[in-house]
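Worksheet for the structure shown next.
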């Protein structure tokens, strides 16, 4: 009871001050990751996360983000409102302290927040430091307060009470990024929509609104998912055929003791999962709403529970004998879509990226929660239980049969030329940091590329026709495919679950296909393979797409190369009186070696598009939709996006 009373008291004593703000503008990258597009969006998330924390604590029911022209960014919630009394340490108003002192926030007072993704003051002061204008309105007990800052956190006057308000409680923060520090680039609506919808799924019952007023036709979005993770699973599996209709889900809050530390934590675990008829696993994990893309102890606990329960039921129901090889973690995850979300007051992460959860006390807790709900489901639904066991046994059998083929793709040394595919024209250097692999469509274009390349650092691997669609294939089919085997051997890392990034032979892997429909299909097949089986290469930014020209314009003894119809029309409108010859390239094979080098392979003049993934769950849905078996959703997607297909951003 005493603990609950403390949590309900939110005043200046709840805000702990740790250090000053001076370093933020000098080294912004240390605080928000970068000064570019990613950092710009990070500023939004710092303020949004404060509001989400209020909602997670049960103090707010809605969060609203509004974007106006000229980068005016506004976040509103109906939480408790930042305390307005004088802070005992700074002798300034607590509102001013929160937005001007780095790490002055409720995060460091466990009575104010039990868990946190971002907190009043923790990131808010950083956003203020990187803003040219920063304003805050606080509503407490039907009174309205206002404070403003400019030029990186310089306060303009004291906190003022502007009178009474119909709004009982809450906070509004409005800021404009300072582009003398930040690089100017537009907010991306797709990135914002993706993250806000994800937050709505992860925090059931909270309404999140987004109003984008930057265009002539304002757009608004609103999300509220009372089903939480169950609705998230339905959303992710929308383009896949489920093995059964029910989503297995549970949530539990327990007090656990930290391993090797005399501390107890109240941890909330939420899980939801469903099997489908594909061969790919889609497991997404979160800690305090932050995507732990590299997994961690919560994912380990989840997988261990599946292995334990499925093997036990397989033996008890005579699918396996005690002496048989048991189903492993890869087998049980084939065709599985799962969300694991935990709320922890003191998360610990492994490595510098902070994308892998390291709290050891989480593993047995998640294992226990998943084991209990999964065992109950298997007992109460014997038909579905048998379907799960049969699917995992098929995965096990395919894995066994693929072992021999898999060994062929492994190489003791990434530079062991005796293990390289015969059609690979390798480069001379053994330095992976400068070497490049061009994956070229067809033997003809491959031959031209071999002649035109700089053989010191550029390797060429021609592919014969379209590679296997891995979205519809199991392990055995994939490992027995000649083109994929050649690709895997050339790159040198193996594929999941045995992927080893340190064995990568080339820093750039460049997909070079014709600029036609077939070329686009081959490119998509390759991207599907990389996303499903070599995801770290996508995540680390090693995959690129070459941009061969579409046209050659010849005039006055000059040759110009154009990559798009728009470029050609622009040139024609700017040169209305120039007589010129025009050649349209239907494929790479129509260029000679010198032209291919000068237009597409020479690092001094070429254009390469780096393949990136902003949200793995969205990319997962896109590949399932475009490359899977379900025709109606694919037709709907194409009809909806046909006119803007060139702008699809995976």
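Just so you know, the numbers here start at 1 and follow the chain as drawn.
The backbone N, Cα and C atoms fix where each Cβ goes, glycine too.
The annotation Mg(2+) 1 binding site is assigned in Swiss-Prot to 441, 514. Under the heading Mg(2+) 2 binding site, Swiss-Prot lists 514, 516. According to Swiss-Prot, the feature compositional bias 'Basic and acidic residues' maps to 400-414. For 435-549, the entry in Swiss-Prot reads domain 'Toprim'. The site 'Interaction with DNA' annotation in Swiss-Prot covers 466, 469.
Less than 8 angstroms from the CB of residue 516 (Mg(2+) 2 binding site) sit 586, 587, each of them six or more residues away in the same chain. Between the CA atoms of residue 466 (site 'Interaction with DNA') and residue 441 (Mg(2+) 1 binding site) there is a gap of 8 Å. Take the binding-site residues 441, 514: by the count of other Cβ atoms within 10 Å of each Cβ, the lowest one is 514. The DSSP breakdown of the domain 'Toprim' (435-549), given as helix, strand and coil counts, is 53 helix, 21 strand, 41 coil.
Straight-line distance linking the Cα atoms of residue 514 (Mg(2+) 1 binding site) and residue 469 (site 'Interaction with DNA'), rounded to a whole number, equals 19 Å.
Taking all protein chains in view, 15 other C-beta atoms sit within 10 angstroms of the C-beta of residue 469 (site 'Interaction with DNA').
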